[in-house]
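Going by TrEMBL, these are the annotated features:
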- 154-184: compositional bias 'Basic and acidic residues' (COMPBIAS)
- 387-408: compositional bias 'Basic and acidic residues' (COMPBIAS)
- 423-438: compositional bias 'Polar residues' (COMPBIAS)
- 448-472: compositional bias 'Polar residues' (COMPBIAS)
- 235-296: domain 'DDT' (DOMAIN)
- 151-193: region 'Disordered' (REGION)
- 387-472: region 'Disordered' (REGION)
Amino acid sequence: MVPVIVVVIYAPYIPACILTLKDLVTTIAAKLQQSLSEGNELYGRKSNRVYPCKIVKVLESKADKTLYEVVWLGKDKKITGNAVISGDDLVRKLPFTRAVLKSFIRESTYRSVPWVLHENLARKHGISTNPPEVLRSKIFLQDGHIVCNRKRRKTEDDKQSTDDGNNDDLREHKQKRLRGEKSEALNTLNADKEDDKLKGKPIKYPIEDLLVEAAADDPIFTERPSPSRDFNVPMDCVGDLLMVWDFCTSFSRLLHLCPFSLEDFENALCHKGSNSILIVESLSALLRLLIKDNGDYFLAIQKKKRKSKITVITWTEYLCDFLEMVGFVELSTCITTIKRGHYGLLDICAKLGIFRELVNQALAADIVREKLDKYIEERQALAATRREVALEEGRKKREEKERLKVESDGNGMVKGHGAEVVGTSSSEPVNHNHSRQNGHVAEKQNEKSLSSGQKHPSRNSGNNHVSVTLKNIKQQKVDVKVVLENDSSENGVRKQLKDENNEAIEKRSKAQRKDYLEREMEKRFIRTSPFGKDKYHNRYWFFRRDERIFVESSDSTEWGYYSAKDELDALMGSLNTKGERERALKKQLGKYYTNICSELQKRSKEAAYRSAMEDSLLRRSNRVRAPPRENPALAFLKYVNKWKED
């Protein structure tokens, strides 16, 4: 499928070179759907239903319709019949999604409009990298890459025609352009005018990274550190090493394979001695998965009447059956060595080649596909829950803000109303003022009755008792009022403390819920994607179970890594955010900066601890018999698969 896409992108037909990404994907998809050839597997209509089928022969066209001889496919792609149908009865479906096609185009090119292919890919498919004649005035070579020379704006062509005084020439050029004739003179003329027009106008960032120039307002960039390249495997095998290890550790539950570190896997592959348990268990786990899938490999071992259970003794037979089924020449030469029991003597590239083909077969298996579909659905559900939580938090914050605003407005109104009440002299319209007034009148009446009681001595004792009782009642009211005020203040403090505790618990629960959702999404592994690219299209990778940041060159021929926090800080300080790629890369690194730093610091502490232990063993007295030191490079020999199926 790659050559078809490449031809569409790099055909000398100019409109295809200057299409946007969306239009280019649409063009390629339409071309792929139109081309049907022998061997294509798709769906066909039969009896008003759609069934899987395979084209075995393309017949001659009749009445402007092409006829195809197809065979109907059943379960496990078994042929159930054949028929001759027209092209209208075939359901033409892309072998991949548009998102995959977009990703492939981005990975295969280093600039867009016009689309320019990476040199190694162009050389591989025999495609010329020389720019077309029409575009040579607009692009030039810089550091081995093609960049645009001038920007064009088509919307102001008419305005330019009045300013320059060359109306006749421009009208003639415009007519040629409308007729589809891409004249070099027109391009040169328009480009020169656009240069004059754009003089003095500020540049809107971010732009293409290779076009970014140093400016006076730029911050001080740190020097980008050189990544370490001390791999034990050859440089051209590092990509396969990372791919195989990432698959085995990410799908370890499905494979029933206990995870292991990248260093242990690398050292086990380089081990030339006896077959290590780590390698044997990894190969056996992948072979068991293919047997469970009931695919081609399952049929191959059924023909040889082998048992479905793979043991430490018989694993080489099953591996040789797989290599015979695949039929690759470079891998078939390893069968004799493996049968003799000398797997460890194989070349590292051959070992990784076997692992690579096993992983490719496993990725195409229905078991892995079903697991991925399940993970995708669960991740979508978790993402929807996370969005709902964020929306709910936003809604609560808005409501709290509105409530505080209403309370502040209400407090201002109450204070103003209270001032009006105090200032009233003639009448008191509030209800509690009536009660105060009635109480005052009652007090005056009691005083009058007491004063009148002095004329009647027989009533003095009772009146004195009444006055004492009134005083006691008043004193009790004051005491009760003080007690109530104290209780209310204590209740207010308690309520405030309770609200603060509830708020802290709620915040803690929100943070815990967010962490829980993030952890659950990480468990549903789909694929590992790079963080981004720098200005030279180098990709940056970070794997979940390794503490390093890996750097892949644009042509995938060189790899390196950063393993210290200082190197990460220097890398981030060297990125220029005026460029599109480095801006996106710095944003992603900043997003995961805390997690990456914690992993890098953990790795540094472990390395320092190992170094201290080695030094302490060296400093021991000769009179003390020290146990033999453990070589970290041989740690893979202690590997035990605790998740192995019984």
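A Cβ is built for glycine as well, from the same backbone N, Cα and C atoms used for every other residue.
Heads up, TrEMBL stuff is auto-annotated, nobody curated it.
Residues 510, 513-514, 517 of the same chain, all 6+ positions outside the compositional bias 'Basic and acidic residues' (387-408), place their C-beta atoms under 8 angstroms from a C-beta of that stretch.
In the predicted model, the domain 'DDT' (235-296) has a mean pLDDT of 92.
Using DSSP to sort the residues of the domain 'DDT' (235-296) gives these counts of helix, strand and coil: 46 helix, 0 strand, 16 coil.
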